[in-house]
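Undergrad: The structure is given below, and queries will be raised subsequently.
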Amino acid sequence: MKLVTSEEIKRLEERLEREYSIPPILLMENAASFLFSFLKEKFEDIENRKIAILCGPGNNGGDGVALARYLYSNGIRKITIFSYLWGKKISDLLKIQLGLLKNLVEIKDILQDYTELKEYELIVDGIFGIGLKREIDDDLKKIFRYINNLGKKIISIDIPSGINSDTGEIMGEALRADYVLTMFLPKVGLFETGAVDYVGEVIVGRLGIPIEIVNDIVESNIHLVDWELLKDIVRIPSKGVHKGKKGKVLIIGGSFRYTGAPILSALSALRTGAGMVYLAVPEKISMVYRGNYPEIIYIPLKDKDGYISYDNLGYILEIIETYGIEAVAIGPGIGINEDVRRLVQDFLRKVDKKVVVDADALSFVKDILGDISGKDVVFTPHYGEMSRIVEESVETISKKRVEIGRNFVERYKLNLIIKGPNSLFFDPKNHVYVNPFADFLLATAGSGDVLTGIIAGFSAQGYSLKEACILGNFVHGYSSVIWKKYKGSVGLTASDIIKILPLAIDEVIRRRNV
């Protein structure tokens with residue numbers, strides 16, 4: 001599913017009117033109908049609930065006023081509009097909606113009467129829509145904080161008021177929505193870092209316009225990864241295949257300081273369905289694993305001061321060819337020293353396989369980007385690692401990750417995942433794929449090592465690196481959904497993610513057949 005900016009929505013509505021004779025007022029009526037249907041289906045006994053509708057001076061407020069009329073017309077009378085209109089220039093469509101509503105529903109001034117909101121069960125937020133690009137007034141900041149502290153169910157129209165729909169930036173303060181009912185397509189800002197704590201479940205309303213028409217008009221190359229998109233990626237495993245044909249993965253990493261990371265990656269690769277996983281680690285720490293993880297094939301490497309020695313480079317490249325390795329992951333637990341730097345840099349220059357580069361290996365890539373441009377490689381940095389690669393602050397990365405990621409892949413023609421809430425995958429053609437999951441459960445030690453193994457595992461099984469990144473990001477995130485369903489909202493570990501992986505993958509396969 002495409003994600004869109006406010007400008008793209010503006011162009012969409014203009015073309016719908018110009019080319020299909022669909023006027024904006026009809027779209028507003030359809031939006032109100034969509035909102036009404038959601039409220040009626042989601043909340044039992046809706047006619048007996050007190051509903052507050054917050055309306056601003058723009059078309060978002062027009063949607064809210066139209067909703068009030070729909071509710072009233074369907075016998076739901078416990079409605080009050082709290083308006084933010086005094087002294088404001090109101091939109092033409094809002095004027096029409098106010099005229100249609102007449103005096104059927106009580107309208108109060110939110111600046112004067114906001115404390116009365118504590119008496120309402122449901123709050124529909126239509127103050128600001130996708131056009132907000134400035135910081136909100138101090139009075140509204142205070143009111144938004146008051147509303148957020150009430151603990152009421154908040155349903156936002158298009159986007160929670162106070163969020164920049166293009167960047168996800170909080171414009172001073174924003175409402176924390178339990179549900180966001182967004183029109184046509186989801187907005188980019190809903191899935192940006194700044195908005196994570198303000199955006200609940202996102203539900204898309206098509207407003208009676210076929211998705212084929214919308215996609216034909218909207219040129220966005222930012223995509224939300226959903227079940228429909230995954231249908232074109234995931235494959236059903238062949239029943240007759242043997243282990244040698246199920247994919248061979250090599251994990252390179254480990255050091256005397258970090259013994260756990262590479263084993264997490266190796267086990268994750270196995271759990272994706274890879275037939276054979278080889279683990280190349282310093283000889284001394286390979287002895288730690290052997291008795292505990294018999295499924296893994298160990299390749300002991302010469303070490304120097306507890307780190308992988310540069311002398312192993314030729315041996316590793318030989319193993320890749322001799323054993324028919326199809327995908328490699330380098331970095332988990334590998335540590336930082338001069339030998340490791342030389343090993344990582346020369347390995348990436350010489351290797352000709354699909355490669356996942358993660359963790360400390362990312363510390364050495366900045367100086368060789370030109371040498372490896374165009375290779376079948378994916379970097380998987382978190383914000384801190386990305387900041388070192390592109391020499392930008394972590395704060396800048398978090399606020400401008402789409403722009404920074406696009407600039408990076410356009411210049412170096414590499415694959416890139418910027419990890420974090422709603423992780424982003426960038427392919428070399430500058431398409432962006434947004435992971436729908438932003439759960440804090442995934443922020444746990446070793447979670448990134450698991451993702452590395454997942455991507456390498458899928459890559460070895462015949463998936464392109466792009467497909468492996470999209471699918472891997474999704475099942476990694478979906479594991480948190482499964483954990484919440486059966487275990488609760490705390491306590492997910494990297495080892496738990498590995499155990500859950502087959503369930504997450506199986507669900508993707510099951511939905512492919514629906």
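Cβ coordinates come from backbone N, Cα and C, glycine included.
So Swiss-Prot lists the following for this protein:
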REGION    1-218  region 'NAD(P)H-hydrate epimerase'
DOMAIN    9-215  domain 'YjeF N-terminal'
REGION    59-63  region 'NADPHX 1'
BINDING   Asn60, Asp125, Ser161  K(+) binding site
REGION    129-135  region 'NADPHX 1'
BINDING   Asp158  (6S)-NADPHX 1 binding site
REGION    226-514  region 'ADP-dependent (S)-NAD(P)H-hydrate dehydratase'
DOMAIN    226-508  domain 'YjeF C-terminal'
BINDING   Gly333, Asp449  (6S)-NADPHX 2 binding site
REGION    382-388  region 'NADPHX 2'
BINDING   419-423, 439-448  ADP binding site
Undergrad: Using the Cβ center of Asn60, Asp125, Ser161 as the K(+) site position, which other residues in that chain lie within 8 Å, going by their Cβ?
TA: Leu54, Gly56, Gly61, Gly64, Gly126, Ile127, Phe128, Gly129, Ser156, Ile157, Asp158, Ile159, Pro160, Leu175
Undergrad: Compare the C-alpha of Asn60 (K(+) binding site) with the C-alpha of each of the binding-site residues Ser423, Thr444, Gly446, Gly448, and give the closest one.
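TA: Its closest listed neighbour, by Cα, is Ser423.
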Undergrad: Could you tell me the mean pLDDT the prediction assigns to the region 'NADPHX 1' (59-63)?
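TA: In the predicted model, the region 'NADPHX 1' (59-63) has a mean pLDDT of 97.
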Undergrad: Going by DSSP assignments with H, G and I as helix and E and B as strand, what are the residue counts for the region 'NADPHX 1' (129-135)?
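TA: Helix, strand, coil within the region 'NADPHX 1' (129-135): 0 helix, 0 strand, 7 coil.
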Undergrad: Residues with Cβ closer than 8 Å to the Cβ of Thr444 (ADP binding site), same chain and 6+ apart in sequence?
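TA: Leu492, Thr493, Ala494 - these are the non-local Cβ neighbours of Thr444 (ADP binding site), listed in sequence order.
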Undergrad: For Asp449 ((6S)-NADPHX 2 binding site), what is the secondary structure state per DSSP, taken as helix, strand or coil?
TA: helix
Undergrad: Including all protein chains displayed, how many Cβ atoms other than that of Ser423 (ADP binding site) lie within 10 Å of its Cβ?
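TA: There are 26 of them.
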Undergrad: Let's see if you can do this one: DSSP helix, strand and coil counts over the region 'NADPHX 2' (382-388), in that order.
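TA: Result for the region 'NADPHX 2' (382-388), in helix, strand, coil order: 6 helix, 0 strand, 1 coil.
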